[in-house]
Every structure is written in structure tokens, then in C-alpha cells.
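J.: Before I ask anything, here is the structure I am working with.
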Amino acid sequence: MSAPRTLYDKIWDDHLVDSQADGTCLLYIDRHLVHEVTSPQAFEGLRIAGRKVRAPEKTLAVVDHNVPTSPDRHLGIKNEESRIQVEALARNAADFGVEYYSESDKRQGIVHIVGPEQGFTLPGMTIVCGDSHTSTHGAFGALAHGIGTSEVEHVLATQTLIQKKAKNMLVRVDGQLPPGVTAKDIILAIIGEIGTAGGTGHVIEFAGEAIRSLSMEGRMTVCNMTIEGGARAGLIAPDETTFAYIEDRPRAPKGEAWDMAVEYWKTLHTDEGAHYDRVVVLDAANLPPIVSWGSSPEDVVSVQGVVPNPDEIPDETKRTSKWRALDYMGLKPGTRITDIAIDRVFIGSCTNGRIEDLRAVAKVVEGRKVAPTVSAMIVPGSGLVKEQAEVEGLDKIFREAGFDWREPGCSMCLAMNDDRLKPGERCASTSNRNFEGRQGFKGRTHLLSPAMAAAAAIAGHFVDIREWK
């Protein structure tokens, strides 16, 4: 009888083509997502070598990072470098026979939202993209992670990837979430607990009652930020919630193929007694709404807390780093989080740009107005999310409240397009990274959930969503 295996072990074993004595392995790749920033050199490498894309039907190209989200984006991209990258992806997709969603296609959006929407992302698959937040797709029980541009070329040419197996890590979140606490708070709490290097060298499996209770969109939020916890990938075992989300998606199996797929997907769970190299356990009942205060995703605190004092950190290097973060953020130790005023609000990104996120925002802001000191924008994660939101009338709620309702794209998650912070502006953001300059030169980013960001937009400062009337 074979030894008990984790979910990660099972997917790895199912895709192992070859292994060497030093642990170097060749893995088969089921799905390859491509965007305009990390693919131009990869396609050019194929062109120079006279190679074809080995499996164009397993490759999907989408523009997201550089595209404008303003209503007039049909007039073209102003930034020359961004325009060149977008034009290159369109040309490369056509030349190599890869399906491509341009900014005029309603299926276009952030690549990690588009894949699941289309049923391109399925349980048990290996999925790669030249983007670190590919971990998002792990919510479906898929082994998904980012790769570099040279690896993008390798996968395009061979449909395989060379790598070494990571260690197994389990993060279990027991119990039920209290009202006002969301999937975003779960993952921020996990990163606060383990640190941004806590998952280094591991693939994390998320489990426990609180995780199982999440919708697929909530699970995607959790897995999306696995990389911020230092891990290569994050996984959640598929279940009936997963199957219900996938069924009838355009690229999902149909008929008898569907039944066979579900039968296989039901085997994708960790065996009893399987070994994890590290286990972390959190109690969902103790989790509050969370806000980041520094320039790392591990710099988090309860919304009812205060900015911590770095002098209380024993390690000198870390202490110096946190003082630098406070200086950059323009904050002082002991400041109550709810006393911090904001200038901007960004709701969107591959972390929180889905329809459930927008519904949560609408509940908070309906009948209210954005504070006069705040500029707030909502960017749907895809054209289909935008379409659904407008069918439900959410866009009217947002506009009446004073939010800017945009076209789909990565937007202000990163300063690669027209949406960015000005120096010194403080932003409540539903995105995934609060690094220095991430949202714009000298911009100050605070990470939090969609409902918390929405409430901050109305109040003009951070508020505890649990007390929102």
C-alpha cells in the first residue's frame, strides 16, 4: 500500500514526466495563461528559434496590466511602452494561433479572474503564468504558480517546466468567521502570523471549517496572496462548491466528460495521515477586520488596534526596516488605525475585483456619499464582472455614491498604467501589495477588504465595518 499523500503530492505525481537524482524534475503543464508584460521576449525567442507554440489550445492570452481603465480607452494607450507591449501580444497571439482577449472583448480582464470565469482553470491541473499571483487558481485544487519570462518561453515551446518539488505546509483555519470578517482578513492574518518569508520553499494547503465555508471567490482571494506569504503556490481541495462554480463554464467539460472529471476531482484531497513539513493553525472566531500599516503585507493589525512601535522588535535589522516603513507611510507608533485619514480608495485587482466583492461594496455605500476629501474608484476584474454588476444595478449605486466606475484591468494595483497615486497620497486598497511605490511614486498603500475600503471611502478614514450602520 502506498504512503498517504497530500493534495500537492498527488498533483505533482500526476504531472511528473522525469526526475533526476538531484531532485530536478520535469513537469507537464496543463494550462498556460499569458499577458502582455512577461510574454513579448518569450514569443520572440520562439520566433528566432523557428519554434511553434506546442499546445496553443492550452494557452490563453489576455491584456490586463497596461490597459487603461478609463471610459475612453478605445482611443488608445498613451504610454508608448505600454502600447508596444499590448500590440505585441495581439500580434504574437495571431502569429502563434493562441486565443486572445483584447480590451474590446467583453471576456477581457485580469488574467487570474478570466481563467476561472472561462472554465479554463480546473481542479488537478498544473497552471502557470508569467505573474506571481497565478497562485489564485489554487483555489480550485490546481497547482498554480508564477514563472519567469525564460520559463514562459520554455512552456510555450514544450508544455513542460523544469523545477524542484517544494515542501508541504498546512494552514488550517478552524471555526466560523465572525460577521464583518472576510477571506481578505483571513489571508492578511495568515501573512501577519507567518511573515512574508513564512512559506518560503513550501506549497501551502489551506483547510479547516472557515476555508470550506468560503465561496469560490473567497477562496480565490485567499490563494491569491499565498505568494505574499512567501510560498510558491496555495491549494484548496475541490468540493461541491468548486464543482458548482465550474459547471457550464465555456471551457468546462460537458456531458459524460463532466461526470468523469468530477469523479477524478473527488480524489483530489489529502489522505489521512499524510505528512506536512509545517502546520499553522488559526481560530477564525478570533480574527478581526484587518488593515495593513506598513510597506510589507506582513505589517498588519486589527482595525481596532494601533500602529505598533518598532522599538519593541528585538531583531535590529527588522526593527530598522519597520521604522523605515513608518517613515515612508507618514505614521507614528500608537496612532489608532481608525484615526488615519485617507485620500484615495481603490477597489479591484485580482485579489478583490469579482462580483461578490462588488456586491459587498454596494451594501456598504448604497444611499451614502464618498467623503469630499476622498477620490474613490471601482475597477471590475473583467468585462463579464462589469456586465453582471450593471445587470444588477451596482454601477448606479456606485456612481450615485460618488465612485468612479471603470473598465476592467489591473489598474491601480500597480503603477503600470494611468491609474496611480500621487506622491504622499494615502490609499485604502483591496489589492495585494503595499510595497513602496507599488501604486505610484511615494504613494502610501493600506491593504484591506472591499467592505472596509468602501466604508473608509464614505467616512474619510478607516472604520470598523462591524460597527457600520
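For all residues, glycine too, the Cβ spot is worked out from N, Cα and C.
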J.: Cys223, Cys350: which one does Swiss-Prot list with Cys410, Cys413 for the [4Fe-4S] cluster site?
T.: Cys350
J.: Within 10 angstroms of the C-beta of Cys410 ([4Fe-4S] cluster binding site), what count of other C-beta atoms is obtained when all protein chains are considered?
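T.: Taking all protein chains shown, Cys410 ([4Fe-4S] cluster binding site) has 30 Cβ neighbours within 10 Å.
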J.: Return one of helix, strand or coil for Cys410 ([4Fe-4S] cluster binding site), based on DSSP.
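T.: DSSP assigns Cys410 ([4Fe-4S] cluster binding site) to coil.
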J.: Looking only at Cβ atoms, how many others are within 10 Å of the one on Cys350 ([4Fe-4S] cluster binding site)?
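T.: Its Cβ shell of radius 10 Å holds 28 other Cβ atoms.
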J.: What are the other residues, in sequence order, whose C-beta lies within 8 angstroms of the center of the C-beta atoms of Cys350, Cys410, Cys413 at the [4Fe-4S] cluster site?
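T.: After dropping the recorded site residues, what remains is Asp64, His65, Ile110, His112, His133, Gly348, Ser349, Thr351, Gly353, Gly381, Gly409, Ser411, Leu414, Ser431, Asn432.
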